[in-house]
Amino acid sequence: MSWTDVMDTYTTAEEAPSQTEPRERARSLRAPEVTSTVHAGAFRHVVSVLEGAGLDPRPLLAAAGASETDLVDPDLRVPMARYVALWRIAAPRFPKGSLGLTFGASFELDHGNLLTYMAAHAATLGEAVLQADRYRHLVHEMLLPALDLEGGDACLRRVLHPSIGRIGAMAESIAATWVKSLSIYVGEAFRPREIWFQHPAPRDLRPYDEAFGCPVRFEMPETRMITDREELERPLRLANPRLRAYLEEQARIQLDSLPHENGLADRVRRLLVEELRGGAPSQDHIARRLALSPRTLQRRLKDEGVVFNDLLDEQRRALCDRYLQDRSLSIQEIAFLLGYTERSSFYRAFRRWTGGTPLELRKVDRDETGRSL
């Protein structure tokens, strides 16, 4: 079975990843809030890298509001805010180059977790990436990539919350871990075509050339790794269908047991923001992203007093208000970024929201403020 066959189990033809890159000005998309928890294994890996560089992690952990007891239980989950704080505190104190690049280069399978092992036993690279995306909440949604297909390109991407995107070392650790884990999976050095980061470029770019072996671009709208689409067909050296199926069942059990601090509705809202690019994500598609059945998603949203279509409409309206403030975006571009394939559909929705049209709203603002939005 090819990775594309696997992908069909996650998405229908109408819900396949977008083939069109949104305008770079879509960088204003609302990023996920830094909430919930992260797998303690990620915490332990940072500590081991710090110790390997001769640093005492205890005062750094204390400054981040954590302690060594947070690392004892391999199944423990630690508040994401502490993990981010540890990176913010430790990165400028790291004595040997980039903490993030060192973190990624030192990654091994035994540093991972259930999701890492499950991906390693997939049949192809594409299948591994899709499964990592589907169960990313076992680690944390911001630390694992979503897959986009754009022509002949395959793009692993993640829009990082600004508080993470500004911590260059943390963003670099994410991309470096992607590259190292894919190298382990295929059994040889994996070299992407291009890497993007959201933070400014450092003075010395040589470590990045050595780490990635490809052009690296900074101050981009998202963290991204670009490779050839055909790379997704590469077989994995540890492919084992029976073991992978068993591990996936365990992943489902763990995912279902995770506490949802901000409720399922908030998770759906964050996914809708990610997915609204040239087509409205369906409830079935969002359910698959959450590793839930559509019926379970519908039931759990109902328990929280909301329905999927209302959440979709809510996110579109909120983003529309922001996009209209950017005069450089045309109405057609705004419609695309909100997931409307036809301008007329966008106009009908906008009239339902406001009673007017987007152009009328821009004209009113210009008349009242004397400036153009």
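Glycine is no exception: its Cβ is also placed from the backbone N, Cα and C atoms.
Feature annotation from TrEMBL assigns compositional bias 'Polar residues' to 1-20.
Look at TrEMBL and you will find 1-32 tagged as region 'Disordered'.
DSSP labels the residues of the domain 'HTH araC/xylS-type' (266-364) in these numbers: 70 helix, 0 strand, 29 coil. Here TrEMBL flags 266-364 as domain 'HTH araC/xylS-type'.
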Overall pLDDT for the domain 'HTH araC/xylS-type' (266-364), taken as the rounded mean: 83
